[in-house]
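The annotation active site, proton acceptor is assigned in Swiss-Prot to Glu91 on the grounds of sequence analysis. Positions annotated as active site, S-methylcysteine intermediate by Swiss-Prot, on the basis of sequence analysis: Cys340. Look at Swiss-Prot and you will find Cys111, Cys115, Cys118 tagged as [4Fe-4S] cluster binding site. Summarising the annotation, Swiss-Prot assigns S-adenosyl-L-methionine binding site to Gly163, Glu164, Ser195, Ser218, Leu219, His220, Asn296 and lists sequence analysis as the type of evidence. Taken from Swiss-Prot, the feature disulfide bond covers Cys104-Cys340, and the record attributes it to sequence analysis. Residues annotated as domain 'Radical SAM core' in Swiss-Prot, with sequence analysis given as evidence: 97-329.
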Amino acid sequence: MKPSIHSLAHQTMQEWVLEQGEKKFRADQIWEWLYRKRVQSFEEMTNLSKDLIAKLNDQFVVNPLKQRIVQESADGTVKYLFELPDGMLIETVLMRQHYGLSVCVTTQVDCNIGCTFCASDLIKKQRDLNNGEIVAQIMLVQKYFAERGQDERVSHIVVMGIGEPFDNYNNVLNFVCTINDDKGMAIGARHITVSTSGLAHKIRNFADEGVQVNLAVSLHAPNNELRSSIMKINRAFPIEKLFAAIEYYIETTNRRVTFEYIMLNEVNDSVEQALELAELLKNIKKLSYVNLIPYNPVSEHDQYSRSPKERVLAFYDTLKKKGGNCVVRQEYGTDIDAACGQLRSNTMKRDRQKAVAEVNP
């Protein structure tokens, strides 16, 4: 299986063209075709020699993904189901924000974190995505717009799709560097957010990288007992260890951390739990921000339901009164398979039902 050309960082591309006996500037030309003109084949790179195009075709593919399903919401959200070269499926989501187009990318096939409310955790992790497969998601979103004559550019990236980004650390870091590169997509570092469920040692590593991207932490509970019951990762990295790493990150980078908090009715949404959360955040209040997220129900996790508006607002008001920075996050794609992993899960179920029907006509 040939790798995607998008797997190569710019410096690696320069090294590759030199190995082919070409001048270094050819790497700039290839990158311009890929990231500025967004071609989908090497043959479209008209200022390259036939010999170099043949070498590119022999060693790489441009885009390793196939578009399987697209769902468009009335609010402009678009959800994509892509097929990888090995037949596995991943999701990508485009959200229209007031500040631009934001794409949420997937980093793994399934997930090992063990969040009991998430459709992504229904199957254990099968593999990591490589850098090229993550970059390719954005390129196909851009292709989708180009085919419709829409001259819109992806401006923001959130690494919050299926999988734990810090469990695929090197590929995610390479991805961030690729999309941030001035010669590539040139997406500003502060327009990129990487999320983690709480791998404390990787948060420390990320602080030391010196990249200026944003960090989000999926918290979802204010104490160890509750967090361990809904997120098994907390058993390995309890809140004390997690917050020590977060404080190290803030001290090292002087950057704000966003906390994701999904609102589960009568599970984690009481006023008492809001007070616990405020206490947990008091030492980093000035450099923390809480996203209160309405829950998208998943049929496989019917023990959970969405918090009613009254409980969400009471939680919000309590945090605010304690000086916390928080917001109730806007919902996107409520009329499509909106929850993370839901489109993929539902598609796999339908494919399974078709197979059963074929076996038992």
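From the backbone N, Cα and C atoms, a Cβ is placed for every residue, glycine too.
Projection of Swiss-Prot feature records onto the structure.
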residue: Glu91; record: active site, proton acceptor; CB count, 10 Å: 25
residue: Cys104; record: disulfide bond; CB count, 10 Å: 22
residue: Cys111; record: [4Fe-4S] cluster binding site; CB count, 10 Å: 26
residue: Cys115; record: [4Fe-4S] cluster binding site; CB count, 10 Å: 20
residue: Cys118; record: [4Fe-4S] cluster binding site; CB count, 10 Å: 25
residue: Gly163; record: S-adenosyl-L-methionine binding site; CB count, 10 Å: 29
residue: Glu164; record: S-adenosyl-L-methionine binding site; CB count, 10 Å: 25
residue: Ser195; record: S-adenosyl-L-methionine binding site; CB count, 10 Å: 20
residue: Ser218; record: S-adenosyl-L-methionine binding site; CB count, 10 Å: 22
residue: Asn296; record: S-adenosyl-L-methionine binding site; CB count, 10 Å: 19
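Among the recorded positions Cys104, Cys111, Cys115, the ones whose Cα sits within 10 Å of the Cα of Gly163 (S-adenosyl-L-methionine binding site) are Cys111.
Looking at the residues that bind S-adenosyl-L-methionine per the record, Gly163, Glu164, Ser195, Ser218, Leu219, His220, Asn296, the two CA atoms farthest apart are separated by 19 Å. When the Cα atoms are compared, Asn296 (S-adenosyl-L-methionine binding site) and Cys115 ([4Fe-4S] cluster binding site) turn out to be 14 Å apart.
The two recorded residues, Cys111 ([4Fe-4S] cluster binding site) and Ser195 (S-adenosyl-L-methionine binding site), show a Cα separation of 14 Å. Note on the binding-site residues Leu219, His220: the fewest other CB atoms within 10 A surround the CB of His220.
Cα of Glu164 (S-adenosyl-L-methionine binding site) to Cα of Cys115 ([4Fe-4S] cluster binding site): a distance of 11 Å.
Taking the C-alpha positions, the distance from Cys115 ([4Fe-4S] cluster binding site) to His220 (S-adenosyl-L-methionine binding site) comes to 10 Å. Looking at Ser218 (S-adenosyl-L-methionine binding site) and Cys118 ([4Fe-4S] cluster binding site), their Cα atoms lie 12 Å from each other.
Leu219 (S-adenosyl-L-methionine binding site) sits 14 Å from Cys118 ([4Fe-4S] cluster binding site), counting Cα to Cα.
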